[in-house]
Structures are given as structure tokens and as C-alpha cells.
Amino acid sequence: MSKPKIGINGFGRIGRLVLRAAVEKDTVEVVAVNDPFINIDYMVYMFKYDSTHGRFKGHVSAEGGKLIVTNGKTTHQIAVHNSKDPAEIPWGVEGAEYVVESTGVFTHTEKASAHLKGGAKKVIISAPSADAPMFVMGVNNDKYDKANNHIISNASCTTNCLAPLAKVIHDKFGIIEGLMTTVHATTATQKTVDGPSGKLWRDGRGAGQNIIPASTGAAKAVGKVIPDLNGKLTGMASRVPTPDVSVVDLTCRLQKGASMDEIKAAVKEAAAGPMKGILEYTEDQVVSSDFVGDPHSSIFDALACISLNPNFVKLIAWYDNEYGYSNRVVDLISYNASK
């Protein structure tokens, strides 16, 4: 089967890392990129140099108005567009069947569907969506309906970390209820120094100077991808001054009591079996920087987990909120194309 051809709208953190993941995995072909604020020479520079993930290990250049990206194994010849209106991007002309909507702007079905006017067949929103169906690889991707799901969401990076872990625990032991905290790395929406921030005043405080309590819909979103957990999970975030890698703390009550060894065994089995490549298991004494560039959605930290009793436990899982998530965007497209 030929590789699915994709376009990327928005060449920011996720857009660029989706391209890196696509080149690395070699399961899709990127044929077009659109960003109204970045010209092709700047795209070359931004893709080549990355303060968090290091220099791109392949070769990138601008030739004949196209972005040429190769890593020695495969070459992507990418048409570049600079349109603000998604309906005006000629995805069909470029051969892009799947569009990754990674601007963070067009997250509703109505707005994201503008890509279909340009000839795209499917749109994958790389953010949570209020009205598009959300799919998390390893959790509910088997519910994808190719005939009817044209605009879908890959959920959030935090939901992609939490949901696989919650599924394993719920399937094996039953989750009665739970609270999640994500200790989350800085993202582009934060301020470098104190500045105005609408109603959520704390969000406007300097990212490099503070631990900032923040809201997140990631835990509630698990209820959308695992209906049995709807209304049973909620959570919050603490934004911290690190550039990448976040960690989920899931504290939950279990229906069926379990020792920590039994919980670890269940996660380890899933990581080696049905969730291989999505969920990972470690017993090493790791810290956040050890996971920069990790392609998994969720890395269970066996040594960091604790229990008060067999029915009340705190479970810890790491995730590269940039690169791990970008890998799942590519995987979701590959999966959908195979249906």
C-alpha cells in the first residue's frame, strides 16, 4: 500500500515535530506545509535548529519553492503555502489527503472543515476539540469510522499520556474515581515575563520564574475516549519552568484491591503487548530530561508510584509532550489510512 500523503497547517512546535516524526517513521509522505507567518527560508532554519530536540539529523533545504527534507532513507519534497484562510490552501492539487491542523486556531469542526474545500479528504486536529470526535491511539482508535469521521481530534498530549494508563488500570482493577495532576513543561502560550492574560490572571505570570497552577480538560477528556470513565476523572495542571517533558500523577480509588506489584505487572504486560510503542514501563531512577525525544505516549515510572492501601494508589507516568504527541498524530493517520 502506498504511504498516505499528508499536509501540515501551522509550522509551530507540533507542526515541525510532526514532520520530524513523519521523516523518522517513514510511514507517511508529507507533501505540503502551510503557514502564513513563516517564509520558506525561515522554515528551513526553524526545522533544522531546535533548542529542545537538537539539530535535525538529516538534510533540509529550499529548492525551487519546495522544502526538501531527507534523512538518508527517504526524501520529502514539500510544497510551501502561506495562506491565512484554510479554504484557500490547495491540498487537493498537492495530493494531500490528510491534513494535520496544528495552528491551534481551527479546533472546531466547522472551522477545520474549511480544509475539505481545498481538496483534503480528512483533517486531524492536533489539539483537543469541543465538538470533533477524539481518538487516542491504543485506547479508542478502533472506534474510528472512515465513512463518517472526516474531522477528528488527536486529543491533547496529556490525555494521550493518561488514557492508556487509565485504560490498563480500569480494565484490570476498575477505577471508581480519580484525580490527575500534570506537572507540565512550558508551552508557547505562556509569557516569558509577567503580562496580561484575560480572566486567568495566573497564566500571565512569567513562565521561567514560577510554578503556575492551571486548568486542564485532559482528565475529563478521558471520559470521552473511555466512556466507562466519564465523570469519574478530573484534574489540574502545574506549569513549571522546564522546556519539555511533563509528568502525570493519577491518584485513584480502585474497585478491586491490588498490590503495587500487581499494578506494575499489569502495566508491564500491556507495555510489552497490546500497547507496545504507546505505553512504556521503566524501573530506572529517571528524571524529566531522560525523556526528551521519547516517542511513547506514556512511560510508567514504577519506582515513583505509591499506595496508601490496596484500593487507593498514586500512579506516575512521563511523556514528551511535544515529540511523543507528534508521533501519535502520525500513527493515527497511518492507522486511519489502513482502514
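Cβ from N, Cα, C; glycine included.
What Swiss-Prot records for the NAD(+) site is Arg13, Ile14, Asp35, Lys84, and among Asn311, Asn321 the residue it adds there is Asn321. Sequence-distant contacts of Thr158 (D-glyceraldehyde 3-phosphate binding site), defined by Cβ-Cβ distance under 8 angstroms and a gap of at least six in the same chain, are Thr182, His184, Thr216, Ala218, Ala237, Ser246, Val248, Tyr319, Asn321. Cα-Cα distance from Cys157 (D-glyceraldehyde 3-phosphate binding site) to Ile14 (NAD(+) binding site): 11 Å (rounded to the nearest whole number). According to DSSP, Asp35 (NAD(+) binding site) sits in a coil region rather than a helix or strand. Here the C-alpha separation of Arg13 (NAD(+) binding site) and Ser156 (D-glyceraldehyde 3-phosphate binding site) works out to 14 Å.
In the shown protein chains, 24 other C-beta atoms lie within 10 A of the C-beta of Arg239 (D-glyceraldehyde 3-phosphate binding site). Under the DSSP three-state reduction, Ile14 (NAD(+) binding site) is assigned to helix. Cβ neighbours within 10 Å of Ile14 (NAD(+) binding site), excluding its own Cβ and spanning all shown chains: 27.
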